[in-house]
Amino acid sequence: VIGGDECNINEHPFLVLVYYDDYQCGGTLINEEWVLTAAHCNGKNMEIYLGVHSKKVPNKDVQRRVPKEKFFCDSSKTYTKWNKDIMLIRLDRPVRKSAHIAPLSLPSSPPSVGSVCRVMGWGTITSPQETYPDVPHCAKINLLDYSECRAAYPGLPPKSRTLCAGVLEGGKDTCGGDSGGPLICNGQFQGIVSWGGDPCAQPHEPGSYTNVFDHLDWIKGIIAGNTDATCPL
């Protein structure tokens, strides 16, 4: 996260740290057995850590899990920059709630443009040179109209299942290593960090986030055991 500050140790009990291959992502615990992240965070040898704040000085209640099952909209190959960058992971065993571990509920109402949103993650705090922090950083950004992202990235289709968020003057943004983490607007879990400008946090180059609300039926269906649940087109 660029332009943020160290998160409060008690404000992110739902934030998970995902390692795969040699990369890292964020993710969000949505109940004791399920984590929501980005499809592009899929890889071999995935490890999921819950209850982390400082990587160097771990909390006593850190728990480690591996995926038992992974679910994608159609397949792990169909996501694009503007569609289906979402992955639901069933953990190998449920986690115990503790001081630094608790789920974040799914949104009860759709996102509204203009809301103030919070982003968080262990991603780089500088760009284009990368500096990875020991603790997660948090920043406030705004939910922007999708047209702002279309203006910045001409390849985007007229409509998509993504949210556009950032600050138009630049300086605050998610960045490499934050992918898969949550976008929390007006207290509700509305987006999953997907992609953005390179370098990060440039003026008029907001970030793109998978729209969680649009995928609720699919998420709830999979968790309920309906493996035929379909993603919105």
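Note that Cβ sites are derived from N, Cα and C of the backbone, with glycine treated the same way.
Model, not experiment: these values are computed from the prediction.
Residues annotated as domain 'Peptidase S1' in Swiss-Prot, with sequence analysis given as evidence: 1-224. The disulfide bond feature in Swiss-Prot is assigned to C7-C138, C25-C41, C73-C231, C117-C185, C149-C164, C175-C200; the stated evidence is similarity to another entry. Annotation source Swiss-Prot lists active site, charge relay system at H40, D85, S179.
Distribution of Swiss-Prot features across the structure.
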residue: H40; record: active site, charge relay system; contacts (Cβ under 8 Å, 6+ apart): Y79, D85, S179, S194, W195
residue: C73; record: disulfide bond; contacts (Cβ under 8 Å, 6+ apart): A39, Y79, K84, I86, H215, W218, C231
residue: C117; record: disulfide bond; contacts (Cβ under 8 Å, 6+ apart): K140, I141, N142, L143, A165, L183, I184, C185, N186, Q190, G191
residue: C149; record: disulfide bond; contacts (Cβ under 8 Å, 6+ apart): L156, T162, C164, P206, S208
residue: C175; record: disulfide bond; contacts (Cβ under 8 Å, 6+ apart): V1, I2, G123, T124, I125, S127, G196, C200, A201
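In the structure shown, the C-beta of C164 has more C-beta neighbours within 10 angstroms than that of any other entry among the disulfide-bonded residues C7, C164. Summary: among the disulfide-bonded residues (C25, C231), the fewest other C-beta atoms within 10 A of the C-beta are counted at C231.
C25 (disulfide bond) sits 17 Å from C7 (disulfide bond), counting Cα to Cα.
C138 (disulfide bond) and C41 (disulfide bond) are 20 Å apart (CA-CA, integer value). Ranking the disulfide-bonded residues C138, C200 by other CB atoms within 10 A of the CB puts C138 at the bottom.
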